[in-house]
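S.K.: Below you'll find the structure I mean.
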Amino acid sequence: MSEFTVYPAIDIRNGKCVRLIQGDYEKETIYGHSPLEMASRFAEEGASWIHLVDLDGAREGKKVNGGHVISIADKLDVKVQVGGGIRTEKDVYDYLSQGVERVILGSSAVSNTEFVKKMLKAYGGHIAIGLDARDGFVSTEGWLETSSVRAEELGRELANEGAEVFIFTDIATDGMLSGPNINSTVELARATGKQVIASGGVSSLADLEALASRASEGVSGAIVGKALYTNQFTVAEALERVAAK
């Protein structure tokens with residue numbers, strides 16, 4: 001059986017855990033725990049990875065909440081992947097040299113493809129490519145801009161440059177608890193021949209099970225956010241369900 005990983009998500013804005021709906025900064029819910037407390041809770045429930053997003057960084061195009069990210073990577077026995085505002089080689093190096101396992105390059109994949117190719121060459125599997133799509137086209141700058149580049153085309157190009165892991169978000173489903181876009185996730189995995197982590201829309205254990213059932217086709221994991229925060233299920237329940245696949 002192909003391995004399938006559950007990635008509990010923590011979105012950080014102004015140093016707090018928040019959730020946005022469809023990436024809209026006006027539609028924000030703040031949760032009471034600090035990012036470290038929330039990550040600790042997820043780790044205690046059995047998470048092996050934590051997915052972190054520096055929302056301020058994504059919007060401003062530079063690292064803003066890096067201290068919180070490093071703290072989680074340093075203090076907890078989990079692997080951390082982080083995205084948001086990572087635009088320079090120093091940003092990448094700083095995270096990877098301080099315990100972060102994987103850095104996600106998103107907007108740069110469109111706006112500065114040469115930089116991404118250089119990072120793939122230097123850091124290989126420690127780089128994940130974040131492809132966030134609206135109607136099949138890659139969206140950038142914290143989802144504020146939509147490009148004319150198709151997700152599958154960019155994915156194929158970067159896979160040829162050494163990308164091993166992609167994170168695919170269908171913006172229409174993000175934070176909506178409406179179910180993930182499984183078909184588009186599988187299509188990206190087929191187009192690239194690489195691992196694709198699904199993000200956005202997971203609302204139930206059944207959604208996770210449906211994604212995990214496609215692991216042999218390249219769907220290697222799912223990022224879960226709002227469903228955990230609204231108590232649809234726990235990390236422990238999620239891990240139990242996908243382990244049964």
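The backbone N, Cα and C atoms fix where each Cβ goes, and this holds for glycine too.
On a predicted model such as this, the values are computed, not experimentally measured, just so you know.
Straight from Swiss-Prot, here's the annotation block:
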- Asp11: active site, proton acceptor (ACT_SITE)
- Asp132: active site, proton donor (ACT_SITE)
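Quick one: where do these features end up spatially?
M.R.: When secondary structure is read from DSSP and collapsed to three states, Asp11 (active site, proton acceptor) falls in the strand class.
Here the Cβ of Asp132 (active site, proton donor) has 27 other Cβ atoms within 10 Å, regardless of which shown protein chain they belong to. In the three-state DSSP classification, Asp132 (active site, proton donor) falls within a strand.
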S.K.: List the residues of the same chain that sit at least 6 positions away from Asp11 (active site, proton acceptor) in sequence and have their Cβ under 8 Å from its Cβ, in sequence order, or write 'none'.
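M.R.: Those within reach of Asp11 (active site, proton acceptor), by Cβ under 8 Å and sequence separation of 6 or more, are Cys17, Val18, Arg19, Leu20, Leu52, Val53, Leu55, Gly225.
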